[in-house]
Each structure stands twice: as C-alpha cells, then as structure tokens.
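Student: Just lifted these from TrEMBL, have a look:
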TRANSMEM  12-35  transmembrane segment
DOMAIN    74-251  domain 'SMP-LTD'
DOMAIN    242-369  domain 'C2'
DOMAIN    387-528  domain 'C2'
REGION    551-647  region 'Disordered'
DOMAIN    693-814  domain 'C2'
Amino acid sequence: RALFWLGPVYLAGYLGLSGSWVLLALALWLCWGLIRREKRDRLAAAFALLEDEREAVCRGLAARHLPAWVHFPDVERVEWLNKVLVQAWPYFGTIMEKTFKEVLEPKIRAKSVHLKTCTFTKIHFGEKCPRINGIKAYTKEIDRRQVTLDLQICYIGDCEIHMDISKFNLGVKGVQLYGTLRVILEPLLTDAPFVGAVTLFFMQKPHLEINWAGMSNLLDVPGINVMSDSLIQDFIAARLVLPNRITVPLKKNMNIAHLRFPVPQGVIRVHLLEAENLVQKDNFLGAIRGKSDPYALLRVGTVQYRSKTVSRDLNPIWNETFEFVVHEVPGQDLEVDLYDEDPDKDDFMGSLLIGLVDVMNDRTVDEWFPLSKTTSGHLHLKLEWLSLVNDQEKLHEDKKGLSTAILIVYLDSAFNLPKNHLEYSNGECGAKKIKNNKYLKKMEREPSSFVLLTVGNKTQKSKTCNFSKDPTWGQAFTFFVHSAHSQSLHIEIKDKERDSALGTSVVCLSHLLKDPNMTLDQRFQLDHSSSDSFIKMKLVLRALKVEEPDPQRVKAGVSASKPGPVRVTEKAGNQQKFASPPQVSKVPPMTKDSAALESLPKKDSEEDLDIKDSSGAPVPSETVSGLDEAEGKQNPEHGPPSALPSGAAAMLTLPVLQEMRVAPSVTSLGSLPSSCFELSSSNLDIHNGAEMPLGEIQLTVRYASIRQSLVVLVNSCRNLVPSSNRGVDPYVRIYLLPDRRWTSRKKTSVKKKTLNPQYDEKFEFFESLENVKKRTLDIAVKNNRPFISQERKELGKVRIDLSQEDLIKGFAQW
C-alpha cells in the first residue's frame, strides 16, 4: 500500500514534473474522498429517516426531509400500501434478478464488441423497498373518465449490483431517488378490468443519487461527478419525464396512441420584464461590494430558456418573451432562477415558483413577485395563458413576431428505408462497387436511423432505432408556428453510424389548413430514397388564442409586493389628477372598505375618478371614503349630499391632498392586479362615529395558495394618540400566534414624527392553510422611543382570529 501511494510521487519526480502536479493530485483525491463520505452520510441519514418516520418527524428534521403529508393537507398517507410493498419486495427482487440476467445482459452484449464479456456477478435489491410518502388524488380538475394520482416516491435502497467487463468491476451500492410520479388511469370502463390503460411519468426531473462501487467510484471524482449525474438524469428524463410518458394497456385492442401523446393543455407566454433590489453578489477583496450581472433561467418541465445578461445592474430590465408548452395542469410549474454571471461560477440571486393552474384560471397575470431563498429582490412578470383552438381565423400573423399556432408532430414509423445512401440514387437503384470488404459488411447492415424535424430555426431529434429498415419511433414533438401559411415542416431521416441521409420530406403547413380539423394522419413519400419508402406521421395544427380575463372571477394569482402607482392629487377646480409609473395602469376605486366607511355619503358630482383600467392598487380609504359600489362602474351615479358623522368628518380632515403613495390592493397579495376584492366582514373591533380613542390601522390580509403563505399588508395608520409632547415615531409589530419567537416577528420601518404613518409594507408567513386557520394575528402599533425614555411604547393593538376569515378571498379593512 505504501508503494501504491508513493508510486505517483516517485513517477512525478522521475519524469521531472513540477511538485504542483503532486499537490493537484492530492487535492483531487481529498475532494473525491469528501464527496464519497458525504454520499455515505446522506444515505445513512436517509436510512435513519426510513427506519422510524414518526420519530424523525417529531424531532423536527429539515423541511426537505419531511414527507409530503406533513406540509400539504390534501396529500394522504398510505401506510397500508407501504406494508404491501414491504411484503412483496423480496418477490419483486427475484423477478428483477431474473430480468437482469436473461434480458438485460444479452442486450448489453449485443450493443458492442467490447461489451461481449459483460456479466452480472451480483444482483441483490436489498431489504429496503420504495416508500410512498403520500398520495394526492385529483377529482375536480380532470375528466370524469379518468383517475389522476400524484405519488410522492421515496426510494432509499441498499441494493447491490456488480458487473464485470473485461476484468473491470463496476457496481452500484445504494441508491436514493425522490420524485413525484403521476399515475393516470384512463379511460374508465363499465366492464372488467374497468380501466383501459395506466400512464406513468414524472412531473419534474427526479432527484437521483447513486453510491458507486468498484471502478465506478471514479465517477465521484470532482468535475466528473456533476457530468455523470446529469447524464443519468437526462437519460431518465428522455423516457419518464414530461412530455415523455409510459402507457401500459390493460385491455386488449386498446388504442393507446392518444393516451401516450395527448394534445397539450395550453401554452404559457412569459414576459420577463424587469427586476429590482437584487442582492449584490460581486465583491472585490471580500469587502468592496460591486454590482452584479444578472440573468434569468426560466423552466417548465424539461424545457429551459436563458435570458440575456444585463451588465452591472441590480435593477435590470430585460423585456424578453418566452413560450412554453404546458402538458399537465394541475402539476406543472413555472420555475425562475436568477443568477449573477461570473467568469468562474455563477452566483445564485433568488428563485420563484409559480403554479400554472392559477395562471390558467386567471388567464392573465401582471405582477411583481418577491424572490425566495434570498434576502431581497422582486421580479416583474407578465404571464398569459394561451388556449389551443381549432379555428383558422386565429392564425393571422402576429406583427410582434410572437407565435400564432402550435404544430404537434406524432412521429410513428418508417417503411422500407434503404440500407445506406448509396443504395438508391435519386430514386433509381444503382450498383456500387466497394473494394473494402470490411466497409462493405458495414454497409450491408440494416440502418440505425433517427429523424431530424425542423420548423423555422428549431430542430428536434428523435431517438435512434437500431438495425431496422422499418423503424418505429413512437414519439411526439411540438413546434411554435409564426405563420402557418408560409412555414413548412422539414423531415430528414439519417443513419447514426454513417451520418448519411436515408430520405427527406417537406410538408407545407398550408396543407393542414385545407382540412377542417387542421389535421393530417397519413404516410408521406420520402424524397432521395426508394420509391416505396414512406414515413408515417400525424400532424395537428392548433391556433393560439389569448383568453380574456373573466371580470366576474375572483383572482387567485401569486402575491405581488410592488406598490401601486404613485398618486399625486392636486386641487385644480374640484378635479383630481393621477400620476403613475409607465408600467402601471390607472388607479381603480375600492369597493366598500369597512362598516365605518359604508356610512359615509358620496362625494360631490364634480369629483371623479378615472377607472377605465385597473392596476391592482386601491386608493386608501381617506380618498374614497365617499364612494359606494355604484361608483365602481363606468358612469357612477352620485347620491344627494348629506350630513357627515363626526367620525367621517375627522377622516376627511386628513391630509389626503398631499403627495402620497397608494397601498397595493388586496389582489396584489395573492392574486392578479386587475381586480379588487369585496371587503369581507372581520372581527376587528371597529369604532364607528366619534369614538376612536387609539386610532386605526388599515390591513390587507389573504392567503396566497400558490406560495403556501399568509400575506399581510400593512397599509397605514391614522389618528394615532400621541404618547408625549415631542411626537411619536410609530412602527407596526406582527406575530402569528401562538408563535412569539423573536425570529418569527415581523416589523415595519419606523415613520418619524407622524400620527398618520403610511407604510405599504408586505409580510409573509409560510404556513399551510390548515395551520393558518388555527392561528391568530397579533398586531401592535408601537412608538420607537429611546431606551431610557419613560414614554408609553405601545400605541395600540388588535388581534384577528383567522379561523373566522375567508382567507382565500381575502379582506382589507380599517
């Protein structure tokens, strides 16, 4: 062993190499050992969790280790199914051992001459079987003739598989796999077996970690380990991650083509507009902080796009548009990651996760989203849901260069392909004399063919079918189409080993417009090939329709934290003027704000609000206290003037004609910015009339279902009671009871010397809706007094029992 370790050192000296090579090799060896130890530790921790899940949950492990049923109330535990798996696992292991020896081993040997000595020396699937941490069943959002289940799969296996190839021992000793497996049972039948087929696929790339053994340990060397892991995950994604799926028919003569390749549910168009207040990642000498060079990665399923990089700017403006095909809703999400581009390694700047089911329901979302996993930063996105319609009138060419249609290509098979490109020349058979017998043998093999499909500047490649003149691919591809009348689909079949074309074909998309359903399902003759060579495909063209938002629907999008437009009111006659940032629409009036506001009469008919468009930023109640619901319409009717109560008179004396910022609407807390909620009744202790001894605080509260968080917006306070002659510096403190830990406390900024502070600050409590319903909001307004001061610190307090509130709808109230 000493000779083994000192050998490389002696060899480096013998060859006259620098000592830095020895240090580099030592560093690589240390990193390799560290990676191996970390893998073993993670596997041991996972085994400990697997042994006693209940004890692990009670100990409060990190959130990423907890099963899904802990976080999501609609995910059910299925311990009975896990017990069945434990009993059946030894029998499954025996079946798999037989499959490896009798099926997989011969296939590996047939792949290459160098693999003819491949032999499995040990196949043992261990005692640990996969677990299902939870199952979520969908019933409302799907077709009545199907059952959709999401299985939270967790496999922490102690399997051991060893293989010998030419005296080299390769192996696996332990596997970890986490992922969400969707199982679709459809169609439901009225006779046995009651289900026509089962479809399986992963919603996202599963997390996979392999503990290698033997010579495979070299795959854990730094630099190689990342590449090997990504290759394995890409291999799985190409077969089991959306849009790829496995469909197993359960009934004879069941046509599963439409189950394997269903028409996508829609298209999500993402307008990446801008960001603000991003964290600084670049620094010099560890002390001098500089600006970053941010870019964004946008991902839906396996499709990922990268934005341009904006140099040296923490408030970048991109104004880029990306389009994604959405196959499964609910299930698929839009993921956005921001990075700082660096020469060595890009720094993470924050991320965002948006469920597409709410975007599909809301149809259009234009919001500022707070970034997670970072200390600051917001991202401005505009999301549009595009439906797929069979309407040729929607196929007009978009002048902005956006897609107007989607082409779905179902690639089935080909027939009678030539063995090589020399066998046929322009459709006529020609004898070729080849002197090299070895090359002649290779040319006489059946082709290993794949297909290149091109629309515009996008090309997609099919899988390779080895050694067949009649290959069957069975794959689906989607292309965005800008002009269906002028664009074409180009098909080229190539031989993998010789990289030569075996046939081509061009299909003009205008041919699909001749069919009422915009569909072609036929064989297409191949050019530059045999006269009887065909390719079978099904082409489906669907127009993209931008759905208009439903004005009657209460929106349920993701929370925005960007304040609404800056409102400047000037006394010019009796008319108010509004100034707003260019990206924000005009300010809508609020609906009834509270019981205290309902008693107020309408304003004079000369005062008017421009409400042609909505921005998601309601006007504070001081400025709209005289508005009734009728004023939310285009032509408001004004009621007769009446005497104001004393409480209302106090409200109207507030300095509302000064420059002020408008608080974000309740919709900006978890929904679209184009709608205002009706104010729900709350258990806040509201004092009508003249009795308001401690003042009032305006709050907006709702639950953002996509982000799984309770969002509390502190808008402003008014008529606070001063605690001293020198004035007060108020701020707001929030607890979500019974949690009174200092770390979970939320606190606004301090406003100096004012009894009517304007905050417009948003806070989030990341809890499930079930947990939030059991909590109470404890909100106190306090005076930021000096440490040794005798002044009263607490100016007032209010508690809100959240179990009595409709948090999904939300409420805004004084």
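Using N, Cα and C of the backbone, Cβ positions are placed for all residues, glycine too.
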Student: Any residues 6+ beyond the ends of the transmembrane segment (12-35) with a Cβ under 8 Å from its own?
Tutor: 217, 220-222, 225
Student: Take the domain 'C2' (693-814) and count its residues per DSSP category (helix H/G/I, strand E/B, coil), listing them in that order.
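Tutor: Across the domain 'C2' (693-814), the residues distribute as 10 helix, 57 strand, 55 coil.
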Student: Can you give the mean pLDDT for the domain 'C2' (387-528), rounded to a whole number?
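Tutor: Mean pLDDT across the domain 'C2' (387-528) comes out at 81.
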Student: For a three-state summary based on DSSP, what are the helix, strand and coil counts in the domain 'C2' (242-369)?
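Tutor: Across the domain 'C2' (242-369), the residues distribute as 11 helix, 63 strand, 54 coil.
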